[in-house]
Ligand SMILES: Cc1ncc(COP(=O)(O)OP(=O)(O)O)c(N)n1
Ligand SMILES: Cc1ncsc1CCOP(=O)(O)O
Ligand SMILES: [Mg+2]
């Protein structure tokens, strides 16, 4: 249970907040949110005992939270100027900053500014309302800002219908180097622009065991698996280059899609089928080199903003995680759950293949598959199965579309 308390002057936002929370309950997107009145001029949100405040306009933020700036009078500050300001002020959230071609929403992330951009921004109140509702539902700030714009835009596109935003056309575009307007707008990115990555064979995706030795890769390929990944987390592992060579040879022999996790230089040098990277790698890995070498690229994502950001790079698949609690990896984010997964899948549609990962076992595979994902990635469900062949066969029986039966 969380609480969202509004100051008197912001109670008109309830026209949006109430239906949004009802929609979230309907889709089972989070815990119940109790609405109340704030005794100060700021909005107060409390989630599991943790309090954050949001101050809008001239109201000054005191304590932990966000200072939201969303009212602009010409002459407007430039995008480059606001990028700098937000990078220096972690609490500053900028909504609807007018730019040469549209509007930008900007927020702070790990010492830098991140932004979404769109041409039609919708109104201020629905954006404020969704920002508050989604923060109270425990979405991270980047997703709350992204949802805020998607909702404000959807109110316009859907003739004032007060519904949870589902369609891609409502969502803004992250400003990355791949955004055609980023340079003109004066937005500086750490990444470089890249062309679309090679495509995977969707018929071979389906079950995707992620394993930690070349031996396991060879074993799952023998069991009939057609997509797998070598995930060795220790970069000083002396046998790493040999293991990568082994899995590439095994992948070719079985005509399988074998990915290398993290070590993109090694993957390029050994002409691997593909490489899987996390969000942080987007700023450091040479994506252009991976693309030019013809390797497939899989990208990890953990929510709305990361999905949209990943999509900008046109990867070979987008991984969505972690869906359920997992003991395989320490995760900084919370499990997404099935309901959020279903909406992410709807947002991505058939734009890119999707891979669900995290805590998926045989008992959960059917409901995950029903969300429409293209693939189910598992670690323990195969590597710790008493009988891995039986586990692979059981997954293969579940991961079938009606047209294939
Ligand atoms: C298929 C698939 N999805 C997600 C991940 C996680 O990748 P990343 O976020 O880079 O974390 P590490 O695996 O490197 O710890 C993955 N490996 N595979
Ligand atoms: C590598 C990784 N990335 C997100 S969850 C995860 C581990 C999934 O392991 P398991 O299938 O055992 O829960
Ligand atoms: Mg990684």
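Think of each number as a place in line: the chain as shown, counted from 1.
Positions of Cβ are set from backbone N, Cα and C atoms, glycine also.
Remember, predicted model here, so these are calculated numbers, not experimental data.
Sequence-distant contacts of residue 230 (4-amino-2-methyl-5-(diphosphooxymethyl)pyrimidine binding site), defined by Cβ-Cβ distance under 8 angstroms and a gap of at least six in the same chain, are 211, 212, 213, 214, 217, 243, 244, 247, 258, 259, 260, 261. Annotation source TrEMBL lists 4-amino-2-methyl-5-(diphosphooxymethyl)pyrimidine binding site at 229, 230, 231, 232, 233, 261, 300, 329.
DSSP assigns residue 262 (Mg(2+) binding site) to coil, not to a helix or a strand. Just so you know, the Cβ of residue 262 (Mg(2+) binding site) picks up 18 other Cβ atoms within 10 Å once every protein chain is counted. Sequence annotations record features per position, and here TrEMBL assigns Mg(2+) binding site to 262, 281.
Here TrEMBL flags 212-382 as domain 'Thiamine phosphate synthase/TenI'. Averaged across the domain 'Thiamine phosphate synthase/TenI' (212-382), the predicted model reaches a pLDDT of 97.
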Response to the item:
One should report the C-alpha separation between residue 229 (4-amino-2-methyl-5-(diphosphooxymethyl)pyrimidine binding site) and residue 262 (Mg(2+) binding site), rounded to whole angstrom, as 10
Item to complete: Restricting to the same chain and to sequence separations of six or more, state which residues have a Cβ under 8 Å from that of residue 232 (4-amino-2-methyl-5-(diphosphooxymethyl)pyrimidine binding site).
Response: 212, 213, 240, 243, 261
Response to the item:
Of 232, 233, 262, 329, the binding-site residues with C-beta less than 6 Å from an atom of ligand 2, in sequence order, are 329
Worksheet item: Highest CB neighbour count within 10 A among the binding-site residues 229, 261, 300?
Response: 229
Practice prompt. Provide, as an integer number of angstrom, the distance between the C-alpha atoms of residue 281 (Mg(2+) binding site) and residue 233 (4-amino-2-methyl-5-(diphosphooxymethyl)pyrimidine binding site).
Written response: 14
